[in-house]
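In what follows, a single structure is set out as structure tokens and then discussed.
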Amino acid sequence: NHYSYSSPPPPPVVSSPPPPYYYYSPPPPV
């Protein structure tokens, strides 16, 4: 077991939801 219990667990990978327009329109140009 090489788990580092001394260190806090990594935060869950939960990216912010995309903007509403993303669902019906292409992303804005960069």
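Each residue, glycine too, has its Cβ placed from N, Cα and C.
The DSSP secondary structure for P8 (4-hydroxyproline) is coil. Packing around P8 (4-hydroxyproline) is summarised by its Cβ count: 7 other Cβ atoms lie within 10 angstroms of its Cβ, all protein chains included. The 4-hydroxyproline annotation in Swiss-Prot covers P8 (among others).
Here Swiss-Prot flags P9 (among others) as 4-hydroxyproline. Listed in sequence order, the residues of the same chain lying 6 or more apart from P9 (4-hydroxyproline) and placing their CB within less than 8 Å of its CB: none are present.
Swiss-Prot lists P10 (among others) with the feature 4-hydroxyproline, giving experimental evidence as the kind of evidence. Listed in sequence order, the residues of the same chain lying 6 or more apart from P10 (4-hydroxyproline) and placing their CB within less than 8 Å of its CB: none are present.
P11 (4-hydroxyproline): 6 other CB atoms within 10 A of its CB, across all protein chains. Taken from Swiss-Prot, the feature 4-hydroxyproline applies to P11 (among others).
In this chain, none of the residues that are 6 or more apart from P12 (4-hydroxyproline) has a CB less than 8 Å from its CB. Marked as 4-hydroxyproline by Swiss-Prot: P12 (among others).
Residues or ranges marked as 4-hydroxyproline in Swiss-Prot: P18 (among others).
If you look up Swiss-Prot, you'll see P19 (among others) marked as 4-hydroxyproline.
The annotation 4-hydroxyproline is assigned in Swiss-Prot to P20 (among others).
Annotation comment: Swiss-Prot describes P26 (among others) as 4-hydroxyproline, evidence class experimental evidence.
As annotated by Swiss-Prot, 4-hydroxyproline applies to P27 (among others).
Annotation source Swiss-Prot lists 4-hydroxyproline at P28 (among others).
The annotation 4-hydroxyproline is assigned in Swiss-Prot to P29 (among others).
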